[in-house]
Every structure is written in structure tokens, then in C-alpha cells.
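Here's the structure we're looking at; comments come further down.
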Amino acid sequence: MKPTTIALLQKCKQEKKRFATITAYDHSFAKLFADEGINVLLVGDSLGMTVQGHDSTLPVTVEDIAYHTRAVRRGAPNSLLLADLPFMAYATPEQTFENAAIVMRAGANMVKLEGGAWLADTVKMLAERAVPVCGHLGLTPQSVNVFGGYKVQGRGDAAQTLFDDALALEAAGAQLLVLECVPVELAKRITDALTIPVIGIGAGNVTDGQILVMHDAFGITGGHIPKFAKNFLAEAGDIRAAVRQYIAEVESGVYPGEEHSFH
């Protein structure tokens, strides 16, 4: 199989072909996802909650991300692999570049950063140094203490700010953007305005791609289940069939449905 590239996702956007992505944290699941047709994987700092058992993503370190990135890369050698830079790992441009180098050497193709226009200079610095960047707007879990919890973002007056943030990140050189927990109407406006692919999670079926935390997709998340999540394993019966169903529903636009969306 040929390596999946950012250019391929760009082509999907241009041809209006939706694509499915998912989080992965280990060799076995990475291989399974790649074998079944999900070729864009994220080593997310969500591992702090799903793998390590913390109540937020804040305790995750760069070393944690690098460890799991190496494992995922071994399982999915041809996948496009995104890796989060965790909380406090990109406070300065110099620190950002050093930490990006660590996860890129571990096997990532791209780093993901949470934040808006204030990150533009950092994104530009990375892009100029051949480090591909995925932005992340809306509900950014590293800011949970600022938001006061996990809440929908981009409603009312905040919509224009979030829209402007998206434009600023693209202008700075970001090549992908994740939108999390934003109203469908705003997600469509941003997706239509940007030339780069937009991946949604809790942003309706109007984005170019979708992503889910794998534990949510298989119904093995303890405690609160996000509105946007769907347990594909419950319907499909086994994990491989669940992955195929997830892909099919994303590509057809069936998932996410109205019941998974915000307004």
C-alpha cells in the first residue's frame, strides 16, 4: 500500500469525498485500522484519559506521545500519522520545535496543536522548518480549566472569533484543521472557507473528514459518553466490522447524524 499523504486528503476535499480517521495508541489497533481502511491515525493526548486513567489530558507528556507514536507507527507504517503536542509543550516557539522534533522522530508525519490566532507565529515557524501542522479549534481539551468543563464552543459572538482563528491558522501554514464540538452551521462555514481539509468531531457531517476516539467508537468509554459518539461495535458485532461500518457511514454522510450534532 502506498503511504497516505496530506496531498491525498487535499484531493478528497476537492472531490468532496468524506474520509474517516480515528485515534490509535498501540501497534495492534493501528494495524487493524490500517488493514480495514482507516489510513489517517491520531496519537492523541486523549490517551491520558483512555489509556492512563486520568480525568483530563493535562498530565500527558511529550515522552508519552512519543512512546505511543512509535508503537502506532510500527503497526501502520503507511498511514498518515498525526501526533498531539500535549499541554504546556508549546509555550514558546523554541520549545515547540524541540518537542515537535521528538514526536516526528518517533514516527509522526504531522503535529497537532490546540489554539487559535495566538498560535499563528508558532505554526508559521514550524511550517517554515518542514514540520506539517494540524490546528485544533472549538473545544480544545487542554483548555478545560479555562472553559470550565467540556462545553460546545463557537456559539453567538464567539462564532466569528473561531472563524477568524481558522483563517489565521491556514494563513500561517496549517495543512489540516480539527473542529471539535462546534455548531454545524459554523463548521460548514469554516469548511467551505478553508482550502485545507477540515476534520470534525462533534461538528456535524459537513466537514471533510471525521475523527473519533477509538474507545468511543467501540463503546468502551467509562462514565460520560459524548453526544457526538456512536457505538459502532454494538451494531456490527465485532471490531473489524465496526471499523468498516464507521468508514461506510462517514463516507456516505450517515454519521454523524442530527442526534450527534450541535446547533
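Cβ atoms are placed via backbone N, Cα and C, with glycine included.
Database features, via Swiss-Prot:
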BINDING   Asp45, Asp84, Glu114  Mg(2+) binding site
BINDING   Asp45, Ser46, Asp84, Lys112  3-methyl-2-oxobutanoate binding site
ACT_SITE  Glu180  active site, proton acceptor
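Taking the features listed in Swiss-Prot, we show where each one sits on the structure.
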| residue | record | DSSP (3 states) |
| --- | --- | --- |
| Asp45 | Mg(2+) binding site | coil |
| Asp84 | Mg(2+) binding site | strand |
| Lys112 | 3-methyl-2-oxobutanoate binding site | strand |
| Glu180 | active site, proton acceptor | strand |
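Taking the centroid of the Cβ atoms of Asp45, Ser46, Asp84, Lys112 as the 3-methyl-2-oxobutanoate site, the other same-chain residues with Cβ within 8 Å of it are Leu42, Val43, Gly44, Leu47, Thr57, Val60, Ile65, Ala83, Leu85, Pro86, Pro141. Each residue contributes its Cα atom, and for Ser46 (3-methyl-2-oxobutanoate binding site) and Glu114 (Mg(2+) binding site) these two points are 13 Å apart. Between the alpha carbons (Cα) of Lys112 (3-methyl-2-oxobutanoate binding site) and the residue listed as 'active site, proton acceptor' lies a span of roughly 13 Å. Cα separation, Asp84 (Mg(2+) binding site) to Glu180 (active site, proton acceptor), rounded: 14 Å. A 10 Å cutoff on Cβ-Cβ distances gives Lys112 (3-methyl-2-oxobutanoate binding site) a total of 24 other Cβ atoms nearby, all chains included. In this structure the alpha carbons, written CA, of Asp45 (Mg(2+) binding site) and the residue listed as 'active site, proton acceptor' are 14 Å apart. Between the alpha carbons (Cα) of Glu180 (active site, proton acceptor) and Glu114 (Mg(2+) binding site) lies a span of roughly 11 Å.
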